[in-house]
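Asker: Pasting the feature list from TrEMBL:
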type	residues	note
REGION	291-315	region 'Disordered'
DOMAIN	497-508	domain 'EGF-like'
TRANSMEM	514-534	transmembrane segment
TRANSMEM	546-565	transmembrane segment
TRANSMEM	571-595	transmembrane segment
TRANSMEM	607-626	transmembrane segment
TRANSMEM	632-653	transmembrane segment
TRANSMEM	669-690	transmembrane segment
TRANSMEM	696-715	transmembrane segment
Amino acid sequence: GLFVTDYFTRTPRKLSPFRSFASIELFHFHIPEDTVIAVWNLITFKEQGGTFGDQCPDRSITVYFRSGAPSVINPLHTHFPRDTAVPGSFALTLTWTLPNRTTGVFNVTSPLPGDWFLAAHLPKDEGKISVKGLYEECQYLFQPQLIVQRLVNIAVLYPGHVTEQSMGPHNRSCLYKVFVPSYTSRVLVEVLRCRGAEGCPLWLRVRAKAPPLHNSTTLDCQEHTPCQLAQDLPFWQHWYYVLVEKHPGVLGTISFQVTVQLTDCSQPGLARPPFLPSSASMNMPHSFGSAGGLALGDSPPPTSPNDTKHPVPVTSHARERCWPVRPTLRNELDTFSVHFYIFFGPNVSVPPDRPTVFVINLLPVLDSGGVLNLELRLNVSSLCGENVTVFGCLNHEVPLTSGDNTSVTCETESLAGFLLSVNATASLSRLRIPYPQTGSWYLSLRSLCATEHGFEPCTNVTAEVYLRAYLSPCINDCGIYGQCKLLRTNNYLYAACECKAGWNGWGCTDNAEAFSYGFQLLSTLLLCLSNVMFVPPVAIAVRSHYLLEAAVYIFTMFFSTFYHACDQPGIVVFCIMEYDVLQFCDFLGSLMSVWVTVIAMARLQPVVKQASVLYLLGAMLLSMALQMDRHGLWNLLGPSLFALGIMAVAWTARTIRRRHCYPPTWKRWAFYLCPGALIAAAAVLLYAFVETEENYFYIHSIWHLLIAGSVGFLLPPRAKPSRRLGPLPRRKGCGYQLCVNEQEELGLVDPAVASINSICTS
């Protein structure tokens, strides 16, 4: 055949340590039909400060692959919520082969067509809280590339027609495909008139959706006569691929015929008419009066000279596997919030003699990022005292009902579904499927009565079941200890839970490491009450007549207390304002406390008469910096260094003018400035290098205590009154005011020898 190669790539993305599915990087690919091989080239490289990160440590990278929907991963081995089905996926771990770059290759032979998803993440870290911009962070970038090779012009088999084929000495196999419409219960492939070698040294392989593999359904035509391979309960609305392959060592030319026969569900004893259109071609359920199956098209295909009609007898053995399918009404409320309503529901009657089948259609790409929820509730009063059990079987792309009454497993050799059951004892059953595959999901309900010999069909008992099916973003909205986040990768949307307070799991239901209520209360009280340490600095400031500084400390104490009361991860939370407002005010108050303290230490009043300008300038600069980036290092450190520079200039100027170190007394240095500076430095070191997610509540409380304590030490004492004689008091007499000389008012002239020039005004 003719091969065509397609190439797809994605932009490199920064990987994060795994905490929940919200921290992974998701990549979406689409594999076309008739693909025989798909090769993923997985490129990973390190970066640090805009250059190659040769010094960065090697951290393993885990990549997950899944067809049809994102992978449901559990690298931390946490517990899933009850009644949750976990679909499987393939995982690959990449190791480093070069100091700053590594490449991995993942091959898939005959992959399923459609959507494929890759999820990648780093291992879980220790949860260190780092200050943004303090040092160059190591970044691990991941870029997947996809190369697919697909066949073109694959021969199409038409049901009921025979195709002649001659396989030369240099050809090892021939590939065909046939389309299986809805309401087909059986696919029968047969090889006829095999000539050119002794016996029929051919292998016959059949597979749905993609070309067959070595482990696909296989039949040796040399050992089986006639060479017929049947597929019961085939996938509806999909291509089936037929591969005819020579035995090893066969060198001559072999000629044979291939034919395919499809069995109509509504008439199991008859083969599907090759080109007869029916109401099923419009996806109408049989309960609405459909009399036939789904045809391949509206017009017959061209018949080649080698094609002839060849009727194949088909036995009826799957009559009870095909029943009328009731549709559901789709009602979209929001993103990943879809309800599926049943006509004349939600109460459903399950007769004793046949199953009741429903179909739920999930849209491609749009619905695979949520959770499919199914709920069955049995009306016990409808059982009339009988020991009735209603079994529900949920299958993808084809309905499945068990023909064996003694064991209901919802599985066959080639199919596996999800089983639900309700009875008088357990009248409620739920099923949750995170990230379901899109397409048609079929729910088959069947009522059986329990006897000594197993389950048998009931007589004259029609069970009534309440059925609810809906699509939700997360499982139970992640509970009270989680937050359901809507995430996006390129044009693909998906939802995931982000847990808090030590809770883990897909639905934040694993409490193995959860914080107790007492621990949550203790951490909240420590973070809030540690701000009371600002009361002594407020008292010192008021006593020293630093009223503006005292107001800033009160502002900081108030908003820091209520910000941490609102910032708690658990249920001990109290918010008086929006979280963003509280966070901004807390950060602004903290930086303003540093600013006004340093400006007060500079004692600029004798030098700059309008020192309040600096206070206002600091407030404006800090507000701007916080609005730009609240966690950026230099946006926050810059104003603080600027204030320290002003203080250094002021102290240096006083030292030069007085020719003596400022502050002048050694007691001020030994008992106030040095201890205050050491306490502030210890607080900064704890905040920058020691704080982690586990010790946050007490390390940050210590930070509050140290910062408030350092302010109490560093705040300068009350300014002593000047020894110079101030301006003469203004005397009043006879309704006139005596004015004094300006020079004398400024204290520049000795008042004992100053002449007073009186200016009398009425």
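Cβ coordinates come from backbone N, Cα and C, glycine included.
Where in this structure would I find these features, and how exposed are they?
Answerer: Sequence-distant neighbours of the domain 'EGF-like' (497-508) (same chain, 6+ residues past either end, Cβ-Cβ under 8 Å): 19-22, 72, 74, 76, 78-81, 84, 434, 474-476, 478-479, 481-485, 514-515, 520, 569-571.
Cβ atoms under 8 Å from those of the transmembrane segment (546-565) belong to residues 524, 527-529, 531-532, 534-535, 537-538, 573-577, 582-583, 585-586, 589-590, 592-593, 596-597, 600, 612, 615, 700, 704, 711, 715 of the same chain, restricted to positions at least 6 beyond its ends.
Among residues of the same chain six or more beyond the transmembrane segment (571-595), those with a C-beta under 8 A of the stretch's C-beta atoms are 480-481, 501, 517, 520-521, 524, 552-553, 555-560, 562-565, 615, 618-619, 622-623, 625-626, 630, 636, 639-640, 643, 707, 711.
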Asker: Where else in the chain does the transmembrane segment (696-715) make close Cβ contacts, counting only residues six or more beyond its ends and a cut-off under 8 Å?
Answerer: 129, 522-523, 526-527, 530-531, 533-534, 536-537, 540-541, 544, 546, 549, 553, 560, 564, 590, 593, 597, 600-601, 672-673, 675-677, 679-680, 682-683, 686-687, 690
Asker: Please work out the mean pLDDT for the residues of the domain 'EGF-like' (497-508).
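Answerer: Value for the domain 'EGF-like' (497-508), mean pLDDT as a whole number: 91.
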Asker: For a three-state summary based on DSSP, what are the helix, strand and coil counts in the domain 'EGF-like' (497-508)?
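Answerer: So the domain 'EGF-like' (497-508) is made up of 0 helix, 4 strand, 8 coil.
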